[in-house]
Amino acid sequence: MGKGDPNKPRGKMSSYAFFVQTCREEHKKKHPDSSVNFAEFSKKCSERWKTMSAKEKSKFEDLAKSDKARYDREMKNYVPPKGDKKGKKKDPNAPKRPPSAFFLFCSEHRPKIKSEHPGLSIGDTAKKLGEMWSEQSAKDKQPYEQKAAKLKEKYEKDIAAYRAKGKSEVGKKGPGRPTGSKKKNEPEDEEEEEEEEDDEDEEEEDEDEE
């Protein structure tokens, strides 16, 4: 989403994100030379956030509101580069990036949270999922990590085949067209098979993402 565009407004931050930022700054002041263990740090922040009163949280909620107003204001004036959307939508048949272990965990647990807390906002649902994930043991996370690793491996194979297919198609349009009539038929068969596989892969990944 416009990662390469330096003029794109910085994304808005939630109240919890401001709180985590404050925690990180406090940690840096207290331990300037020590590195942060992010899993441990996230868990401590989450536990601390849970015990805070509404009054203590209000400071961060005010920061989030003003940041949202800043973001909305900047987005109204923001014009994305013309080539930005074209670059994104140029390859609709390209294999989709595989979901992470955390994303798979969210897909599985989000419906349960929604049914238990129907009024919960998207941001609060995401925060709750983050807290749940940080509370999982390494053993509990393992099935999601294994599935994510398999999907990543599959994606790497698919993207390699997709790129190879793109190169072979460019080659066909090149000057060697009249002499390669026999060779032309062989890659086409392979490409048809690859296209079928790509379609199946996309369906599987769509199901996972849902």
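Just so you know, glycine gets a Cβ as well, placed from its N, Cα and C.
According to Swiss-Prot, the feature N6-acetyllysine maps to K3 (among others).
Reduced to three states, the DSSP call for C23 (disulfide bond) is helix. The disulfide bond feature in Swiss-Prot is assigned to C23-C45; the stated evidence is similarity to another entry.
In the three-state DSSP reading, K30 (N6-acetyllysine) counts as helix. Counted within 10 Å of its Cβ, the other Cβ atoms near K30 (N6-acetyllysine) come to 8, all protein chains included. Under the heading N6-acetyllysine, Swiss-Prot lists K30 (among others), citing similarity to another entry as support.
Annotation source Swiss-Prot lists phosphoserine at S35 (among others). Taken residue by residue with DSSP, S35 (phosphoserine) is part of neither helix nor strand, so it is coil. On its own chain, S35 (phosphoserine) has no residue at least 6 apart in sequence with a Cβ closer than 8 Å to its own Cβ.
The N6-acetyllysine annotation in Swiss-Prot covers K43 (among others) and rests on similarity to another entry. Counting every protein chain shown, 15 other Cβ atoms lie within 10 Å of the Cβ of K43 (N6-acetyllysine).
Positions annotated as region 'Disordered' by Swiss-Prot: 51-102 (among others).
According to Swiss-Prot, the feature compositional bias 'Basic and acidic residues' maps to 51-76 (among others).
The N6-acetyllysine feature in Swiss-Prot is assigned to K90 (among others).
Annotation comment: Swiss-Prot describes S100 (among others) as phosphoserine, evidence class similarity to another entry. Sequence-distant neighbours of S100 (phosphoserine): residues of the same chain at least 6 apart with a C-beta under 8 Å from its C-beta are A148. In the three-state DSSP scheme, S100 (phosphoserine) falls into the coil class.
Taken from Swiss-Prot, the feature N6-acetyllysine applies to K114 (among others), supported by similarity to another entry. Look at K114 (N6-acetyllysine): DSSP puts it in a helix. Note: K114 (N6-acetyllysine) has non-local neighbours L120, T125, i.e. same-chain residues 6+ apart with C-beta under 8 A of its own C-beta.
Residues annotated as N6-acetyllysine in Swiss-Prot: K141 (among others). In the three-state DSSP assignment, the secondary structure recorded for K141 (N6-acetyllysine) is helix. Around K141 (N6-acetyllysine), the same-chain residues at least 6 positions away in sequence with a Cβ under 8 Å from its Cβ are A101, F105, W133.
The region 'Disordered' annotation in Swiss-Prot covers 162-210 (among others).
Residues or ranges marked as compositional bias 'Basic and acidic residues' in Swiss-Prot: 162-172 (among others).
Annotation comment: Swiss-Prot describes 165-180 as region 'Required for chemotactic activity'. Each residue in the region 'Required for chemotactic activity' (165-180) has a pLDDT score, and their mean in this model is 58.
The compositional bias 'Acidic residues' feature in Swiss-Prot is assigned to 187-210.
Between the alpha carbons (Cα) of K30 (N6-acetyllysine) and K43 (N6-acetyllysine) lies a span of roughly 18 Å. All protein chains considered, the CB of C23 (disulfide bond) has 17 other CB atoms within 10 Å. K43 (N6-acetyllysine) is 12 Å away from C23 (disulfide bond) when you measure Cα to Cα.
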